[in-house]
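Novice: This structure is in structure tokens; I'll ask about it shortly.
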């Protein structure tokens, strides 16, 4: 019972494990079931047959065998023929064994190949009802090999509905390949449900077709739902892998380590991804130049790496590789293409520059500068005109004085040795230089360990030159005491012949002497005092007076030197107070500090002694001096002085007793600071001497002169204005605008044509108006007689727009005023002949027209009668017009417009 109970209690777990095992076995058996492949009756070698699912059957399988040697299976389950196969009986079968060494499991898959079966389009006629197994109206797996050779139409499969047992069913399909692009590629027999393909299909264009199958009765009834039907196009290895570039270019440095990456190539395949058809393998077919092979390519990634560290650009600077890519994981029957790859070896500085010669000999003349004396050549195997090839030269030894310089010729890479500082034959006849050379780019570690820097020795011979005198040292000095007597001789400048080291035959000449104090002896170069020497002069700096001397030899060669005359000081300058005016602000201070200076050397200067230099007892009583230090003293007042200016004489004496008196102007002010100093008015100025300076006097005189000029200008202006008043009487019609456009009849009075108003001016300036006789006024001219012979003439001619006034004063003065542009002579020449003609015509006609010799009254002017003029002198036939009125000045044109408006 216990055993039974035990078995019963464990039976549920045992049953669950048993069911799980059965499920796994069922799935495995379903994955390892028989596979039926539709193939042509003839298969060529290396032809793709189909694909079986190896991973689902036995995932850990590592050994695969086939029972038929005419076929082979790849890792992804693709089945290929190894030789030509003919299905003589229309079918062929073989078995694939799978074995896992880890789990010791074994599986097998049966593969059946079926050739094309000719299916009659005519539905078979049977008189009995066929019994068949029940079918489900469900999706049926269907596939088709791309690029199938047929024969077409190619039978794919048959679709049937379970309702065919009860109804007469018609089958139809729709979708891409039927009623959509590509049209009419598939069709189904209406009665049998057989599905056919009418032509070849390219998987790269159409990976699959999703069709919909329909089952209907003749009367249109649909007993089944539409059936989704997927037709998958099995891929065929019909596309070659293609490199992304036809020519690849890579660079790699020479002497690179093994395994250095050169570059990576890439190829693409249009076949179905993740299959053997697109599993690519890369390889190098050929290397040029020929082996040894220096490069390798990773078969899966296409990365090119180096296999040797002996890449030398100096031997071979470029390699060409022929590379290949092949699908089917590199199987011999896979498709492949090739491309070219150019690998350029990049230069590194692995070769040191070396001199072609180790010793050089050259020469240079002394005293020459900036000349090329030698070119040094080097050899470098690195890339020309690159930093690895260009040389840098250095003078290692022998150029301690900086006489030489070496530079690189950028074109030839030669070293150019130049002299930049003159050489002296008398000092050195030969110079030995050691020159080294390196590259611009740093050396690689391997190169720098091979050999040290390349060096060369250059021997430079200095040749002698007949040169001029040498002024060495260029600055020479002599010591002379100031104020020595004129004519005193002293040593001067000395130049030497560098070859003889003597001064014979050298002549001297003075080039500069700012104050003309000395003369230079032409033969010896000695100097003679020409004027008194003053150490305190402005041209003396730090007690030294410089002159420039030119030395010449017999051939005219020269040199220039400077002679510094050191002037020894004598006590010839007494101390003095430079600030001669001091301010004492009485409110804030009672003293002022005074400082004395001495132009002599300190040995002849301080300490100074300050004292009041005056016999005036008031100065001694009011002021007091107190010593502050060697050069300063304090001046303070003793009594309460008034605000003002005080002259205080002070004597300053140096240590040797030489003294001078300085009169100090002391300002005692009511101020806070010295800048605010102002003297109080009304206070006594003591005994200060206050004077006006020359500039103050000049300013006062200029002010007075300016005032007189202003007064004189005002008087002249007033006098001229009074003289110009009332030159003409107010009632003269010539100077007034009168109304002249009236045409009313005049009065019955007769006016005398000979009457003329005359203005007479007495000596006292009073003006009287009288009437002059006939002939006084002629042509609009008035004459005004004056008491003392003065005469005033007034011309007023309206016709030409011109007024002219002439005034002759009593005492010979003459004033003339022109108001307009026309001159008097032009108007006179124009009007005088016409006035003469008019006067003559009037005189000749007086006897005949006496009644018209007065103003006439015209009451009526007939229709169309020309407007005439009054008076006997009128002439209707006058030829001269009044066109000049059209060219009046602007002011008269305005007057005419005003009159016209009235």
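Just so you know, glycine gets a Cβ as well, placed from its N, Cα and C.
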Novice: Would you mind telling me which of 632-652, 653-673, 674-694, 695-715 Swiss-Prot tags as transmembrane segment?
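Specialist: Of 632-652, 653-673, 674-694, 695-715, Swiss-Prot gives transmembrane segment for 695-715.
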Novice: Per DSSP, what is the residue tally for the domain 'Cadherin 4' (472-579) in helix, strand and coil?
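Specialist: Result for the domain 'Cadherin 4' (472-579), in helix, strand, coil order: 0 helix, 44 strand, 64 coil.
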Novice: Quick check: of the glycosylation sites listed here (166, 392, 629), which one has the Cα closest to that of residue 546 (N-linked glycosylation site)?
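Specialist: That would be 629, nearest by Cα distance.
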Novice: Note the mean pLDDT of the domain 'Cadherin 3' (356-471), expressed as a whole number.
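Specialist: Taking every residue of the domain 'Cadherin 3' (356-471) together, the mean pLDDT is 89.
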Novice: Please report the three-state DSSP label of residue 392 (N-linked glycosylation site).
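Specialist: Its secondary structure by DSSP: strand.
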Novice: What is the number of other Cβ atoms found within 10 Å of the Cβ of residue 392 (N-linked glycosylation site)?
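Specialist: A count of 14.
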Novice: Please count the residues of the domain 'Cadherin 3' (356-471) that DSSP assigns to helix (H, G, I), strand (E, B) and coil.
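Specialist: Tallied per class, the domain 'Cadherin 3' (356-471) gives 4 helix, 53 strand, 59 coil.
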Novice: Let's check the environment of residue 629 (N-linked glycosylation site): how many other CB atoms sit within 10 Å of its CB?
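Specialist: If we count other Cβ atoms within 10 Å of residue 629 (N-linked glycosylation site), we arrive at 10.
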Novice: Looking at the glycosylation sites 166, 546, which one has the fewest other Cβ atoms within 10 Å of its own Cβ?
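Specialist: Comparing Cβ neighbours within 10 Å for the glycosylation sites 166, 546, 166 has the fewest.
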